Amino acid sequence: MAKDVEGPEGFQTRDYEDPPPTPFFDADELTKWSLYRAVIAEFVATLLFLYITVLTVIGYKIQSDTKAGGVDCGGVGILGIAWAFGGMIFILVYCTAGISGGHINPAVTFGLFLARKVSLIRAVLYMVAQCLGAICGVGFVKAFQSSYYDRYGGGANSLADGYNTGTGLAAEIIGTFVLVYTVFSATDPKRNARDSHVPVLAPLPIGFAVFMVHLATIPITGTGINPARSFGAAVIYNKSKPWDDHWIFWVGPFIGAAIAAFYHQFVLRASGSKSLGSFRSAANV
């Protein structure tokens, strides 16, 4: 909640109060159309995200495959793939933030749930919608690129040769921490009260965080940092290697999201202790 107050120089500034923590379990949400509208928005956004990004990955591999008429350094390269992921997140967060919050990622939803920004019901429904949207998005890629999809790996995440499990897990934890920490910072109530007149300020750093993490971790894991993205690609591609490594792309992002939530709420924000107390109180009701 924000309100105009008189600054020291006579200018109008915006004061704010932290919104109250979301109830842990809010059954009343199930009766509201706004919840289902948000769930649909998450489904469609994740579908579009996976469709564009996995199509970009496969297109790059086609263009750079010298055995199939491609050329060395052909296609968009790793830089272009990173831009595709970061750019789509920027676009989709901008489009859906006012409807669902623009999570498009179970790890983001999990972090916001731990910080009492969303209820358990909303978090679970979002995660289900995100995973289903991811499956459908990759399914469209396979349907439209059936001759290339399996040949070029289906955009599925797996641990690259030469890297051990610990390295891959660490890459996913740290990468997701960067993303979720950016989400918390970009959507901070104090920042929103001050910069609410610039609506792109939240989607832009979130998309840029996704871009930077992809540049760093594509060579290691193909960059997950989004369990729905990894799950959707693994389901449609359905080969042993992505499934063998699949746990990394759930455990790593969830650990990274939890650390980011704790760091932002209980280290950087004084209101964190209040959220923790209200979480315990709600759990005991």
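Cβ atoms are placed via backbone N, Cα and C, with glycine included.
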Handout entry: Membrane-side pairing of LYS32 with LYS190, Swiss-Prot annotation
Key = yes
Handout entry: Cβ contacts under 8 Å made by the topological domain 'Extracellular' (145-165) with residues that lie 6+ beyond its boundaries
Key = 50, 53-55, 57-58, 61-62, 65, 138, 219-224, 229-230, 233-234, 236-237, 239, 241-242, 244-246, 248-249
Practice task
Report, as numbers and ranges, every residue of the chain located at least six residues beyond the topological domain 'Extracellular' (221-247) whose Cβ falls under 8 Å of a Cβ in that stretch; write 'none' if there are none.
Solution key: 46, 49-50, 53-54, 85, 104-107, 127, 130-131, 133-139, 141-142, 149-150, 153-160, 163, 165, 168, 171-172, 175-176, 179, 210, 213-214, 253-254, 256
Exercise for the section: Could you give me the DSSP helix, strand and coil counts for the topological domain 'Extracellular' (145-165)? Expected result: 8 helix, 0 strand, 13 coil
Practice task
Determine how many residues of the topological domain 'Extracellular' (221-247) DSSP places in helix, in strand and in coil.
Solution key: 17 helix, 0 strand, 10 coil
